[in-house]
Amino acid sequence: MDENSVERPLLLSRGAERVKKTPLFVSWAKWILKFVIWVIFLAWAALIFFIPAQSVNEAFEKWAQLTSGSVFGITGSIFLVFSGPVLIIAFLSIAYLLISGEEELHERKASTKPRFCLWTFPVLVDGPFGVVSATELIGIVLFVVYVIWAVYAYTTQILSVISQFQYTLKQKSCLILEYLGLRFGTTGLYCLAFLFLPVARGSVLLRLIDIPFEHATRYHVWLGHLTMLLFTLHGLFYIIAWTIEGDLLQEILEWKDIGVANLAGVISLAAGLLMWMTSLHPVRKQKFELFFYTHQLYVIFVVFLALHVGDFVFSIAAGGIFLFILDRFLRFCQSRRTVDIISAKCLPCGTVELMLSKPGNLRYNALSFIFLRVRELSWLQWHPFSVSSSPLDGKYHLSVLIKVLGEWTEKLRGNIMNGFEADLHLQPQTKITASVEGPYGHELPYHLMYENLILVAGGIGISPFLAILSDILHRTRERKPCLPRNILIVWAVKRSNELPLLSTNDMESICPFFSDKLNLEIRIFVTRESQPLLEEGLVHEATNSSPPMSDSCSMSVLVGTGNNIWSGLYVISSTLGFVIIIYILDIFYINPYDISSWWYKGLLFVICMLASVFIFGGIVVGLWHLWERQNAAKEACKDDRIMVEKMQNNEIVAHKDSCQQKLASSTNSYYGSRPDFKGIFGDISEKWGCVDIGVIVCGPPTLQTSVAKEIRSHNIRRQHHHPIFHFNSHSFDL
């Protein structure tokens, strides 16, 4: 099929559904909300950037002193300036998501001319940061410039002060070291204000800017390195100064009531250093469990940081930490539910396919992923997996493909095989008890935003692309808005026994005659085999097992793409509850009893944050759970739904042959070679012409680097009649 076989985008094809236009007042409301959010964010970022300047710092200190006599004191003043903007943006984000609904994506049409996008243009492809887009590079540069500017400003200030007095060299050295140590710690706190935002997996902020959690973790890693570097310098400078003064041990063990509690700071820094060292890539790759368990020390790090600096200094970074606590509590509530495994299948290539039960109102898209825990294997280990099914495949289930690579996945496959053998011998099956967090992912499925798609997969990285194909085929059949019409799949595998993974989707049964409506080409590269195996044409049957269901439960909708109204009520009620608890504590305890200890007030501040989430947020979560159960009760009997979906899945098997024949004409296999992306992109450039092409990569870092390098090269050297390639990554790496 050539590129002219499809004349018009499916979104604009004859007979397709017409998308209802957004009312004018809704568009205006969205524009106003966006404008206000940007103004608040830029003002907040500008304050943090310029506060090292002496004039700005003095103006802020005067304002803090003027408002120190208010109900909440200086703590309230600092919290309002540094943490308040984050929470206000979260409130506005909830309003924006509520009025946006799901219409924004469907209103987008294919552009007539290709355009460069900063966030999809790879600038750096080799280096410690991995593949970095132009937008990400701008963010990195801004943070580096901020740190350099802050160090310069603070150094200039202390030198100008010291020059006015007659100090000995020893006194000057100690003063400079202690002052710079203090300022490194302050700058680290400003970075800490951003650090917890990317790891709030279901955060409304990530959903607002449409950054999925697997991308946001990179920003958390970068910010973590910068923050811990600043805190380490903070502690190191003080240690050197105390050593010069000769009272190192006394200073380290000091725990003041009025002032900074040094010992608490040492404990917090020690916990942070342990997290930092075990999160370095070599350790994380070789000893993932050590990294995972050590990272739970963030509780010690945060609590003792509050004890170290007191409530008013801690409030600088409290906004991001509070949003993380909100997300963590929701995840805890969601993960306590046992989720039914409808079916478990062991494929011949060493891959496990699990079908999990979900409620009908749980939303996700074809590029979502979940965190999965199997209690029979481990009570603590959570593993991320891409969803391999489209939300249109079934209303009450989703599927994941799990490649057997390590000890945990090997045990999972063994449990499923034991269950299959128990079926054959009529013995009791091995029970599999699953818990799920998520789904997480893009708020809007960006694979539907491109008329032309190149999907590059390495090994099990084909999993999310199976979901994309299924999603596009379902939308095509049901005449739903769908831009993609030209799709190229480039799949690199080590062995040919992985090829049957493509057969998990029966394209012909999903959308009959899809080849007349979709230009699909598949190029498979088998890298470790020089020629096809003799038995390649044989059908390898999978081992099926249906584990015994526990309590007929489906996964919860509390996080991920949960209900916007309930999640909004949860955030707002918890925040208002925090203000109320702080107010009551000040009126009836702190002020009457003249509580002045910094570390104690810091501890009370953290307790109030937790109590507001558990009490006020917990009430909303309880009501949300009751609402969810009532909705589930109104739906049809779950056993009937599952049986219907199982019957549908069984019917798919009957159409495998027709699907294989249809795919054969559009599938090319290459043995003993790796994908030549320079040739592939060059061929596509001539074939598809001057268009936007979305490239989505799911695979190891080397694959991402190779693709990003060619995209950068083609975009820089492109001619006017060639396309613009847009790089998107879907690989998850903790």
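Keep in mind that glycine also has a Cβ here, set from the backbone N, Cα and C atoms.
The following features are taken from TrEMBL:
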- 334-446: domain 'FAD-binding FR-type' (DOMAIN)
- 31-51: transmembrane segment (TRANSMEM)
- 71-99: transmembrane segment (TRANSMEM)
- 137-155: transmembrane segment (TRANSMEM)
- 176-199: transmembrane segment (TRANSMEM)
- 219-240: transmembrane segment (TRANSMEM)
- 260-277: transmembrane segment (TRANSMEM)
- 297-326: transmembrane segment (TRANSMEM)
- 453-473: transmembrane segment (TRANSMEM)
- 569-590: transmembrane segment (TRANSMEM)
- 602-624: transmembrane segment (TRANSMEM)
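With a threshold of 8 Å between CB atoms, the same-chain residues lying at least 6 positions outside the transmembrane segment (602-624) that come near it are 75, 302-303, 306-311, 314-315, 318, 321-322, 325-326, 329-330, 333, 558, 563, 566, 569-570, 573-578, 580-582, 585, 590, 595.
Tertiary neighbourhood of the transmembrane segment (137-155): same-chain residues 48-49, 52-54, 118, 123-124, 129, 179-180, 183-184, 187, 191, 219, 222-223, 226, 230, selected by CB-CB distance under 8 Å and a gap of 6+ residues from either end.
Sequence-remote contacts of a segment are chain residues at least 6 beyond its ends whose Cβ falls under 8 Å from one of its Cβ atoms, and for the transmembrane segment (219-240) they are 129, 139-140, 143, 147, 177-178, 180-182, 184-185, 187-188, 191-192, 194-195, 198-199, 248, 251-252, 265-266, 269, 272-273, 275-276, 279. Scored on C-beta pairs under 8 angstroms, the neighbour of the transmembrane segment (71-99) with the top count among 260-277, 297-326, 569-590 is 297-326.
Taken together, the residues of the domain 'FAD-binding FR-type' (334-446) have an average pLDDT of 79. Within the same chain, residues 73-75, 78-79, 82-87, 90, 189-190, 192-197, 199-200, 203, 205, 260-262, 264-265, 267-268, 271-272, 274-275, 570-571, 574-575, 578, 598-599, 601-606, 609-610, 613, 617 sit at least 6 positions outside the transmembrane segment (297-326) and bring their C-beta atoms closer than 8 Å to a C-beta of that stretch. Broken down by DSSP into helix, strand and coil, the domain 'FAD-binding FR-type' (334-446) contains 21 helix, 40 strand, 52 coil.
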